[in-house]
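Record features, source Swiss-Prot:
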- G170, D171, R172, Q173, T174, G175, K176, T177: ATP binding site (BINDING)
- S371: site 'Required for activity' (SITE)
Amino acid sequence: MDIRPAEISDILKQQIASFDQVETVSETGTVLSIGDGIARVYGLTNVMAGEMVEFEGTGLKGMALNLEADNVGVVLFGDGDSIREGDTVLRTKSVVEVPVGKGLLGRVVDGLGNPIDGRGPLTDVEYRRAEVKAPGIMPRQSVSEPMQTGIKAIDALVPIGRGQRELIIGDRQTGKTAILIDTIVAQKPVNAEGDPKKSLYCIYVAVGQKRSTVANLVRTLIEHGAMEYSIVVAATASDAAPMQYLAPYTACAMGEYFRDNGMHALVCYDDLSKQAVAYRQMSLLLRRPPAREAFPGDVFYLHSRLLERAAKMSDANGGGSLTALPVIETQAGDTAAYIPTNVISITDGQIFLETDLFYRGIRPAVNVGGSVSRVGSAAQIKAMKQVAGKIKLELAQYREMAAFSQFASDLDAATRKQLDRGARLVELLKQPETSPLPVEEQVVVLYAGTRGYVDPIAVDKVVAYEAALLSELRGAGSDILTAIRNDRQIKPETEGKLKELLEAFGKRFSA
């Protein structure tokens with residue numbers, strides 16, 4: 001047989017030239033054990049803390065939290081029943097990223113930002129890390145713009161500013177969520193103006209709540225036309241603990257998009273007690289050492305790194321803001337427990353809601369003495385300052401006198417007058433759910449209360465008086481409301497008109 005070397009070498013050259021090396025290199029690990037939503041994985045030596053990993057063949061994702069010498073502790077974002085010992089785990093080489101942007105407005109998403117409202121995929125969004133470092137000192141400025149809640153007791157006595165963190169704390173069933181919903185609904189007239197520098201986009205995050213509760217809340221927002229400028233993030237009680245742990249950070253990242261683009265956002269965390277419980281569950285299952293109340297040692301950092309991301313940015317940094325309203329549920333009014341004291345120390349003030357007040361029909365059940373805003377009147381318009389300063393003092397004196405009068409048999413006229421005025425002011429601060437008032441209407445109502453126009457009215461008629469007064473103002477007194485809204489203060493000529501209206505209305509109401 002005739003062998004031709006030249007021909008063979010040509011064939012070899014062609015083979016070598018046409019050889020195409022296609023290979024995919026992926027770092028993998030192996031499941032050592034699985035149980036209670038925790039997977040122990042061998043391998044993945046270069047995995048990052050907080051990195052997303054994927055379990056091959058199941059599509060299930062997890063997050064690497066414990067990086068130990070011989071294995072990695074992974075928490076699962078779902079049910080791990082389909083995972084078996086020996087399964088392959090793949091690195092994604094990315095830390096948890098969530099969708100942000102205006103495309104989320106009006107949508108309901110889960111703890112990772114995936115839509116769960118059945119309205120198709122998200123559009124007009126970009127992706128950001130769920131956990132980022134909070135802004136430093138220099139990019140911030142002090143809180144100066146009011147964030148109106150529409151609730152008289154809060155806007156007058158415990159004012160909240162844009163960029164502030166105000167804790168809402170109280171036992172279960174005291175109206176904590178109602179305050180959040182009212183605040184979101186109260187932004188409708190502001191957002192209707194369409195001014196991006198004034199609009200306030202709202203994000204509500206439900207942690208560990210019933211699905212039926214979240215569905216009712218979404219329905220309420222839709223009924224009041226508030227869903228169009230709101231995002232609901234829901235990590236319900238049936239979701240895995242890592243989803244409940246992550247949901248507040250996801251919501252915060254969504255709010256930061258607005259803050260960093262010179263807009264204003266509000267994030268309502270309902271509630272951080274359940275997030276702490278979910279984190280405790282994960283930490284104990286990962287065998288991290290427990291501390292007080294079995295919480296891990298870094299549970300303070302869990303909440304501080306979240307709430308520090310709320311800020312009012314300086315004008316050089318766009319002047320945007322992110323306001324935080326975290327909620328903490330107490331057990332039998334015990335505000336000295338571990339998580340309540342932690343969050344009280346992190347926030348810029350707190351609104352205490354009391355069961356006793358709630359059952360006495362004083363709703364919202366705000367304990368005025370125990371509630372405080374560390375931003376104070378810097379977060380109020382001048383008109384509100386003109387009427388609110390007096391109401392604080394009168395309510396404080398009323399509480400003192402009411403306690404004293406229980407033991408005194410006969411009271412002098414001045415004390416009796418103070419008690420009567422206080423009782424009427426308490427009635428005046430009552431407000432039904434989902435009926436927030438614009439700030440100019442609040443100012444007029446409180447003006448009537450502090451200047452003695454409500455004193456002749458019987459205590460049980462005060463609520464009816466207020467409703468009738470507001471109706472009168474929206475009709476005959478609309479110019480007064482417009483003047484207060486535009487001037488942001490009660491000018492002498494406006495005050496003259498207001499006094500005339502209140503005197504005439506008082507006579508008609510009492511007749």
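Glycine too: its Cβ is placed from the backbone N, Cα and C atoms.
Sequence features, as recorded in Swiss-Prot, placed on the structure.
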residue : record                       : Cβ within 10 Å
G170    : ATP binding site             : 27
D171    : ATP binding site             : 18
R172    : ATP binding site             : 11
Q173    : ATP binding site             : 12
T174    : ATP binding site             : 26
G175    : ATP binding site             : 19
K176    : ATP binding site             : 23
T177    : ATP binding site             : 21
S371    : site 'Required for activity' : 21
Suppose the ATP site is G170, D171, R172, Q173, T174, G175, K176, T177. Which further residues of the same chain have a Cβ inside 8 angstroms of that site's Cβ centroid? E329, L353, T355, F358, A365
Roughly how many Å separate the Cα of D171 (ATP binding site) from that of S371 (site 'Required for activity'), to the nearest whole number? 15
Quick one: what's DSSP say for T177 (ATP binding site), helix, strand or coil? helix
Alpha-carbon spacing, R172 (ATP binding site) to S371 (site 'Required for activity'), which is rounded to whole Å: 17
